[in-house]
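Input: a single structure, listed below in structure tokens.
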Amino acid sequence: MEKTYNPQDIEQPLYEHWEKQGYFKPNGDESKESFCIMIPPPNVTGSLHMGHAFQQTIMDTMIRYQRMQGKNTLWQVGTDHAGIATQMVVERKIAAEEGKTRHDYGRDAFIDKIWQWKAESGGTITRQMRRLGNSVDWERERFTMDEGLSNAVKEVFVRLYKEDLIYRGKRLVNWDPKLRTAISDLEVENRESKGSMWHIRYPLADGAKTADGKDYLVVATTRPETVLGDTGVAVNPEDPRYKDLIGKFVILPLVNRRIPIVGDEHADMEKGTGCVKITPAHDFNDYEVGKRHALPMINILTFDGDIRESAEVFDTKGEESNVYSSEIPAEFQKLERFAARKAIVAAVDALGLLEEIKPHDLTVPYGDRGGVVIEPMLTDQWYVRADVLAKPAVEAVENGDIQFVPKQYENMYFSWMRDIQDWCISRQLWWGHRIPAWYGNDGNVYVGRTEDEVRQENNLGADVQLRQDEDVLDTWFSSALWTFSTLGWPENTDALRQFHPTSVMVSGFDIIFFWIARMIMMTMHFIKDENGKPQVPFHTVYMTGLIRDDEGQKMSKSKGNVIDPLDMVDGISLPELLEKRTGNMMQPQMAEKIRKRTEKQFPNGIEPHGTDALRFTLAALASTGRDINWDMKRLEGYRNFCNKLWNASRFVLMNTEEQDCGFNGGEMTLSLADRWILAEFNQTVKAYREALDNFRFDIAAGILYEFTWNQFCDWYLELTKPVMTGGSESELRGTRHTLVTVLEGLLRLAHPIIPFITETIWQRVKVICGITADTIMLQPFPEYNAAQVDEAALADTEWLKQAIVAVRNIRAEMNIAPGKPLELLLRGCSEEAVRRVNDNRSFLLNLARLESITVLPADDKGPVSVTKIIDGAELLIPMAGLINKEDELARLAKEVAKIEGEIARIEGKLSNEGFVARAPEAVIAKEREKLDGYAEAKAKLIEQQAVISAL
């Protein structure tokens, strides 16, 4: 085996070999249980980020673990067309390269351009997924706009429409005036902002007066430009100031519209003036108030966010109405919305109706892609009636057919599902699944899978003109069908029969509603088992936290704190990293700050760590459902782990290859250490499997690390040396056999988390064991064997370890050279301790570097010594001739003084109010941690001073 572990040499060739051999495919054995995971489809033209790497590592660990248990295992892979994101990338590209817009191209040519871009860049993410070691079945790869999935989408739309579960209606949506499309709540970013609250007088009509004799109401608003669309003023029905005015009217400033005063809980007596203007066409809360009180809806904005030349007036059903005039004062027509705000405030002020302006902190919704303020907009959109679909989806979680891990996410799911609104599924984009609806000149709407089908079903001749709806479906609509459409639905395929319902869905909690809930609703509506019972899409939902940077900040390009997972695998120089983080920025003014931070964090760039080290780190950080702060030190630690495993394996191979390891018969004697490591290994297998079965990847990683590093490498390999240098034939055979057997089992155990290094080493180890199989991937996963757990061997070895550690600690504390042989005396020994010393003298002499071991008679106190107490005995190391008392005390005094200086420095820092107020919490916590460490070190040194003074 190569002397040093170099992941760059082994990982890619190995993956290509696995893929070529077809090891990722299901085994097709229907007598075995199936296990299936659907990958959350990443954006087809995107690239892999830490969230992907994190979730995919968890999925691959589960898939490899189940595959090794002989299950018929499928990890379904695919990518998402990502409507708005992909369209924007291509729009930006043609603007930059050709100075054109999509309208210059026209719809068909622009869509061709996107398909072209997909062909060019669509391979990036799948290449990166291969680099992670993902054992997905590439032959089944799907794309949300491939032919099969497009047919499934049409099928679902048509069926839901025919069941009256899809309708077209005029409702309020999040409108992005820059992109000119409706967007989902997930694409809205709420930003804190310092704004104003304008207090405007609305004159009361018909001589009405308030309780304190005023002939107007004062209405407070943060959006005076929407005054033109008001159709009511709400007051709280319990408010003594205004309750007598409910049912009366005010005259709306600037347009002189007579609008009613309504009593509604939405008006808060404590907030503002207690009077709230109601603009149902431009505010989500007002829309609901308007529906409750049958207030008309007046839309005053164009799709670009400008004031219209004349308003659109609708009743609460969204039908055109002439209950109010559609006139808009000429001076506001065509004004951009924020210019209109200024003009309207000035006009209200000129009329003497502006009472006051107060500074006000508010939350403003921005489109996360377009970057402009989102406008609630009344538009014609297609909707899914969600309440009907939600009922069975809630029951499936209530009765345990679907379980959330961690369980607390069920509450989040229930709170959304029990208050579900109809789902707006149309988007004003070009890239996506075009809505299968056609309009006749007579205003009729026809829905069908194709135009031909529509004409046939409705007896429409070739002379009848039809035009297809321009809109496309929300990307989440096709993703909601992901678990069954990828398996070949609407055909009744073998894949559906074998792999649906799927086993586990791994997802971030941020899309629990947008994706998880909708998958449950859609699947249960369309997929039934042979008894007609609705099928769930998956049995378990495993929720991950979000990966943040080392300071707990969300990773984003604008913050310049994104770490590309493959840069940790392959390494990246500082100049390349800076270019990556500061090139093509939306906000170039941030570049300098980002450059400084990056130079401080990665002065030499990022070193290569290999995929296995990255995967191990991600698994170790996967604590349930909490956000995770990325830690480069952990990554280094797990790279060191891979090196340690490599070096330990070389030691095993050097001592066993071409040697008699007892696999072909011959007498074998197992030493205490052999029996102990077999017991430890089996206990590890049991705990590790339990952790994986309970989705505790962090605990599993910890168990693997602890056994490999501490028990196998640090203790067992050392404990084999006395046998290797002086054992009998049968002892040598026993120890070699144990070395190889435990290493081979350990490689299988670790394989799901660190696949590359384990396969590479296993290919060498299998030869010694006489295994002829081709790959570790399809080997049986280790099982717990209680017969190998020798309790006596565990107890005796723990005692030996205690004794060896005690001697090593005395060496370290007394500053005695590690190589200097020592004399060990034991005082006050129990019978058990005497037996253990006599049985294991060679281990003790060897590992504790002793020249002699003497058990003192009961009445012998022994010479002046440094002592340690262990189970059933006191260990003494005589100090005569080992140390110079004066020199040692002087050295310790120097050490204490140095530490006291550090303690004073940190205490000074922490008592500085300025530092504590300014420094991030993480920095303060680190300083406190250092302080505790120094205090502990000082206490130990003082203890040593006392011991040496007494000599």
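Backbone N, Cα and C atoms are what each Cβ position is placed from, and that goes for glycine too.
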Between the ranges 42-52, 130-140, 262-272, 658-668, Swiss-Prot assigns motif ''HIGH' region' to 42-52
Spatial neighbours of the motif ''HIGH' region' (42-52) not adjacent in sequence (6+ beyond its ends, CB under 8 Å) are 79-82, 85-86, 89, 117-118, 121-122, 124-125, 128-129, 132, 143, 508, 546-547, 555, 562-566, 630
Please spell out the DSSP helix, strand and coil residue counts for the motif ''HIGH' region' (42-52). 3 helix, 1 strand, 7 coil
Need one number: mean pLDDT over the coiled coil (880-944). 87
Sort the residues of the motif ''KMSKS' region' (554-558) into helix, strand and coil with DSSP and give the three counts. 0 helix, 1 strand, 4 coil
